[in-house]
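The structure under discussion appears below in the form of structure tokens.
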Amino acid sequence: MNNAYAALDSLLDPSIEDIIGIVAECNQLSSADLIDRSRKPHIVEARDDAIAEAYVRLRGTSLTDIGIAFGSRNYAAIKKSLMRRDLEVPVSGIIDREAVATDCRGGMSIEDIAHKHHCSRWSVRKILYEAKVPVKKTLASEAT
């Protein structure tokens, strides 16, 4: 990564917000500039740096969660940003069906399972149906 962001090294456990703030400050931008939808090259470069820093420093954070922190960007936008920084993003088109079933048995909602495993609610429902796992009806799942 860029040594300009050495201020991040002094933080024991930086949050995505900390990373956005420091990268914005180093690039003489506001945090809002990095979260905004601007396509100005200098802002896109800084945003890509911040996304890459968040990905490298916060390994437990999903690409979806990083995208949410960067103005509700989707998984694909974050992945593309990381690819521009030559960072290897694991590609797994395979959903761990046993993990989905275990999460459901543990009480997670369909929406939470879909978010965790980066798949649609319909995929989760199909996996649970095929595994014969009973699904508790919730207000959120009844509405869909």
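Note that Cβ sites are derived from N, Cα and C of the backbone, with glycine treated the same way.
Please treat TrEMBL annotations as automatic predictions, because they have not gone through curation.
According to TrEMBL, the feature domain 'Chromosomal replication initiator DnaA C-terminal' maps to 15-85.
Mapped onto DSSP classes, the domain 'Chromosomal replication initiator DnaA C-terminal' (15-85) shows 50 helix, 0 strand, 21 coil. The average pLDDT for the domain 'Chromosomal replication initiator DnaA C-terminal' (15-85) in the predicted structure is 91.
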